[in-house]
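> Quick one: this structure, given as structure tokens, is what I'll be asking you about.
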Amino acid sequence: MKVVDGIEMKKLDRKAMEEYGIPGVILMEHAGMAVTEEILKDLAHQENKEIVIVCGTGNNGGDGVVAARHLHQKGFPVKVRIIGDIARISEDAKINCDILKKLRVDIKTIIDFKDVPKLSEELSRCGVIVDAIFGTGLNKEVQGLTREVILAVNRTNTYVLSIDIPSGVRASDGHICGIAVKADKTVVLQLPKIGNIQFPGADYAGEMVVKDIGIPHEAIEKSNFPINLITADMVQAILPQRRKDTHKGNYGKAYIVAGSTGMTGAAMLTCEAVLRSGAGLLKVAIPQSLNNIMEVRLTEAITVPLPELKKGVVGISDIEKIIKTMQESDVIAVGPGSGQTRELEEVLRNIFEAATIPIVLDADALNALAHRQEILKLIKSAAVLTPHTGEMSRLTNIPVEEINRNRIQIALEFAKKWNVILILKGARTIVASPDGKVFVNTTGNPGMATAGSGDVLTGIVTGLLAQGIQPIKAAIAAVYLHGVAGDRAAARLGEYGLIAGDIVLELPYAIKEIVGK
Ligand SMILES: NC(=O)C1=CN([C@@H]2O[C@H](COP(=O)(O)OP(=O)(O)OC[C@H]3O[C@@H](n4cnc5c(N)ncnc54)[C@H](OP(=O)(O)O)[C@@H]3O)[C@@H](O)[C@H]2O)[C@@H](O)CC1
Ligand SMILES: Nc1ncnc2c1ncn2[C@@H]1O[C@H](COP(=O)(O)OP(=O)(O)O)[C@@H](O)[C@H]1O
Ligand SMILES: [K+]
């Protein structure tokens, strides 16, 4: 599903109107009806059926006014409160306001701070507040009277439904323009906006429901706006059903180079996730002295001990053996728990030069690349990098705060510059491809902020790549499944007690949930 910013949404609205001749009032009518439908669902669970709709003077307010008409028609007590100068109301919203007046719906304007206490009282007394103050047209910090009204909405305990996006959240990036409505539910019109899914804005949305308002789907499909939301349908289409007449050779050989003294656990988690993702065969390169530990724990994997020179870490002396196994494999992953050694860069350089298979780089492999990203240019095959924000900061020399303000753009620029698939991990993981596309993941939860959960993701990407899934698709499916597995684990155990191994254990069920088998 496409994700847009305010400008792209406006373009699509205009296209619907100008190229397809769908008048704005019709789109507004659909929006208002979609909102009504959701309000009716919410009202079904509560005694207090009174609704107060707080509107701005733009088209978002117009959607609220249409909803007021439908609710009035169905016999619900509705109040409409319009903030600001009603003379400035948008054309389509005015048409609908005029109808409301003729229907004698209770409609008033809030033009002064002294109107706020009365409004606060109405907001506290009603059963549902509809927030139709600003949508995609928010273009500056929220101040003055509107700020007071939003504060009043947030002070109540009343259920709040926002139209399109909680007022105060900037559609283009999720920035909070000083203050924003804290919604219980957001009825997103036609397409999710970046501000609906990127933090901090995403935190204000509550439950999100996306509703079609009649913008032609072919117009949306033709849009070349690069951002997409990863959905279950998308992942289902990526994961093939297994054919009956197959054997382990059909599901690929994965090769993991991971682990060092003190960090065999990272290698273990990655390996388990590779196997649980359905790869046919797994080999793991491990410093000789750690081999026994791995053999005991990893029943199903083949270990390939490396004759380490420096005890407990992989070094350049191991490279011949690494390259040989790599040449017999379908994917290689390097980095989880590898340790920070100077030699790792040299190891990577050799792998990059020799590899004809997809390469997954995580953790210490990424640290080894910091300040030496240019060696990524040696890679002739596909590469998937999986940094968390801290690793991304080291890779790019951009401060963490700046990355967090601009995750999509920074991930995209890196992917294009270095011709890699970049998975920028965190709450709302971003997958960026070198051809300029971005996929945002919304599965997962803060319970996954625990040591080793990134190693699990590396294993899933690697396991899917082993099975011959196209690299960008493997990355998309991996982040989604990783999040679903994490959500399942959290549902069972809660977020506090969740550990990375639980994500691995839930992974088969997450896959089954999507694939059906
Ligand atoms: N045909 C369509 O386009 C359809 C659109 N639809 C709906 O419309 C929404 C977009 O509507 P929109 O473009 O009219 O903008 P909207 O969000 O209502 O606000 C703009 C107003 O707010 C004002 N303003 C902004 N920031 C402010 C601030 N900080 N503090 C104070 N004022 C501020 C701004 O003022 P100005 O910039 O003019 O000074 C302007 O007056 C969209 O989210 C969806 O819900 C659907 O009905 C389908 C058809
Ligand atoms: N709040 C959150 N919401 C969703 N996913 C999260 C959240 N916190 C962490 N995760 C996920 O958990 C994983 C953590 O990875 P990482 O930081 O590399 O852990 P480690 O290095 O310990 O393995 C990432 O895939 C990240 O997206
Ligand atoms: K709104």
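Every residue, even glycine, has its Cβ placed from backbone N, Cα and C.
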> Need a hand: TrEMBL gives D131, S167 for K(+), which of N48, N59, N60, N250 is also on that list?
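Same K(+) site in TrEMBL: N60.
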> Taking TrEMBL at its word that K425, G426, A427, R428, T429 bind AMP, choose the one of G447, G452, G454, G459 listed for that site.
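For the AMP site that includes K425, G426, A427, R428, T429, TrEMBL also lists G454.
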> Among the binding-site residues H388, K425, R428, which residue has the largest number of other Cβ atoms within 10 Å of its own Cβ?
K425
> In whole Å, note down how far the CA of A427 (AMP binding site) lies from the CA of N60 (K(+) binding site).
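With the alpha carbons as reference points, the distance is 28 Å.
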> To which of the binding-site residues G62, G426 does the lowest count of other Cβ atoms within 10 Å belong?
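Result for the binding-site residues G62, G426: minimum number of other Cβ atoms within 10 Å at G426.
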> At the level of the C-alpha atoms, what whole-angstrom distance separates G62 ((6S)-NADPHX binding site) and S167 (K(+) binding site)?
14
> For R428 (AMP binding site), which of the listed binding-site residues (N59, D131, T136, D164, S167, H388) have their CA atom within 10 A of its CA?
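Close binding-site residues: none.
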> Using a Cβ-Cβ cut-off under 8 angstroms and a sequence gap of six or more, which residues of the chain neighbour A427 (AMP binding site)?
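In sequence order, the residues whose Cβ lies under 8 Å from that of A427 (AMP binding site) (at least 6 apart) are F199, G444, P446.
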> In Å, how large is the greatest distance between any two Cα atoms among K425, G426, A427, R428, T429, G454, the listed binders of AMP?
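Farthest Cα pair among residues binding AMP: 14 Å.
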> Measuring Cα to Cα, how far is N139 ((6S)-NADPHX binding site) from G454 (AMP binding site) in Å?
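Computed Cα spacing between N139 ((6S)-NADPHX binding site) and G454 (AMP binding site) is 37 Å.
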